[in-house]
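Per TrEMBL, domain 'SH2' is recorded for 93-190. Among the features that TrEMBL reports, domain 'Protein kinase' is placed at 211-461. As annotated by TrEMBL, ATP binding site applies to LYS239.
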Amino acid sequence: MIDIYYSIVLEAVIGVTFTQFLILKTPGVPLQNNSLLPGQVFQKLEGIPHSFFHTYSLFCRSIGWWKAKSLTTNKEGFIPSNYVAKCVSCCRWFFKDITRKDAERQLLAPANKPGSYLIRESETSKGSYSLSLRDMDSQGTDSVKHYKIRMLDNGGHYISPKISFSDIGSMIKHYHNKADGLCRKLDRPCVKPKAQKPWDKDAWEISKESIKMVKKLGAGQFGEVWMAYYHNTTKVAVKTLKPGTMTVEAFLEEANVMKTLQHDRLVRLYAVITKTQPIYIITEFMANGSLLDFLKSDEGCRQQLPKLIDFSAQIAEGMAYIEKKNYIHRDLRAANVLVSESLLCKIADFGLARVIEDDEYTAREGAKFPIKWTAPEAINYGSFTIKSDMWSFGVLIYEIITYGKIPYPGEVMSSVQRGYRMPQPDSCPTELYDVMMCCWKNKPEDRPTFDYMQSVLEDFYTATEGQYQQQT
């Protein structure tokens with residue numbers, strides 16, 4: 001019989017912790033003094049908690065014993081196989097640090113189908129888990145159902161009290177074979193979004209030679225947008241600005257602020273090229289282009305009302321961050337929101353409107369200025385605030401709910417000044433139209449905050465539904 005010992009280290013801050021270094025010892029053979037490192041003592045294995053072994057990388061298995069390598073110290077040793085449990089976080093179906101809302105967004109992404117699922121940590125019950133499962137109703141509407149995973153005193157897990165499982169893996173296997181009370185059988189784990197290659201934080205002012213232009217994606221009044229590669233490895237988007245659009249000094253001043261604004265709902269500004277004309281703005285690449293173009297596409301036209309409202313909620317989330325940072329967008333509209341491959345929205349071009357030097361870019365009808373999205377106080381007095389952004393957000397919701405229709409057909413400035421507001425679109429629920437009307441209140445101070453708007457739109461459906469599916 002083999003005895004196994006482990007070494008421990010005393011640490012002043014957190015008390016006794018294991019170095020996770022295991023040593024095999026044959027009975028009857030005394031341990032040599034040089035087997036110990038300074039500050040280490042030997043102690044019997046039985047004292048090790050089961051969770052101790054979860055941090056091991058197992059690379060060799062034999063009968064009863066597994067050879068293991070510590071992920072923290074890189075030291076190697078043997079451990080009894082019955083002390084090892086599969087780490088939940090290593091499983092394809094486990095999504096760590098994801099909210100309920102983001103779980104729904106990922107499951108409803110085009111790469112997933114009904115039956116796709118994930119396990120996540122519960123937001124409301126610390127230490128417990130939830131199952132999120134994509135479903136489809138009889139009308140063909142996609143949705144996500146959520147189930148609480150409850151724990152037994154003996155460490156088991158269950159969704160329905162009729163049947164329990166020793167671990168979550170066994171539970172997953174069971175519901176793969178039959179629905180057994182769920183809305184449908186589990187099919188496959190949710191596809192995880194591809195992690196973007198991290199940008200070199202020191203690469204800010206880069207050389208034009210480091211950028212390889214590949215495909216022109218579009219052109220506007222102030223320049224072009226290209227898909228490109230940085231150093232032939234990292235796919236990026238490049239916006240070129242026509243000479244004279246803005247001064248280099250003004251652009252750099254604004255860009256230095258813009259690069260500090262980093263949020264999942266904001267397009268990441270990577271780098272700039274300002275030493276030569278035209279100015280290049282290098283950002284993360286968004287596969288589906290602008291929200292306006294996407295809404296008009298075949299795929300965009302297939303998006304159902306819940307997804308359209310979620311687009312609005314995502315944009316409100318990004319604007320709530322801008323609001324919190326005491327920043328202003330000034331040009332919020334569907335053309336300045338980009339859409340990823342997994343249908344996540346990100347706000348682009350925040351702050352650029354402030355530094356455009358074009359006589360035609362003024363608040364008057366018939367000009368290049370986006371007057372149909374602009375609040376009355378910004379038109380009349382040049383007063384741009386986060387509240388004028390809120391007015392624009394209401395118009396953006398109109399664009400989303402109408403799949404990219406042009407707001408306010410005809411000339412509108414005088415009509416809006418007299419209190420005219422766009423009527424409720426045919427496809428728009430009354431509750432959503434009420435949200436739009438809140439954005440268009442005449443007094444800026446009467447308009448809501450983006451933080452409030454985010455909560456309203458995220459809970460647009462869950463406010464009238466149960467948070468979790470009930471199992472009996």
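Counting starts with 1 at the first residue shown.
Each residue, glycine too, has its Cβ placed from N, Cα and C.
Remember, predicted model here, so these are calculated numbers, not experimental data.
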> For the domain 'SH2' (93-190), what are the DSSP-based totals of helix, strand and coil residues?
Replying inline: 18 helix, 31 strand, 49 coil
> Over the domain 'SH2' (93-190), what is the model's average pLDDT?
Replying inline: 91
> Who sits close to LYS239 (ATP binding site): which same-chain residues at least 6 apart have their Cβ under 8 Å from its Cβ?
Replying inline: GLY223, GLU224, VAL225, TRP226, TYR280, ILE281, THR283
> Which of the three DSSP-derived classes (helix, strand, coil) applies to LYS239 (ATP binding site)?
Replying inline: strand
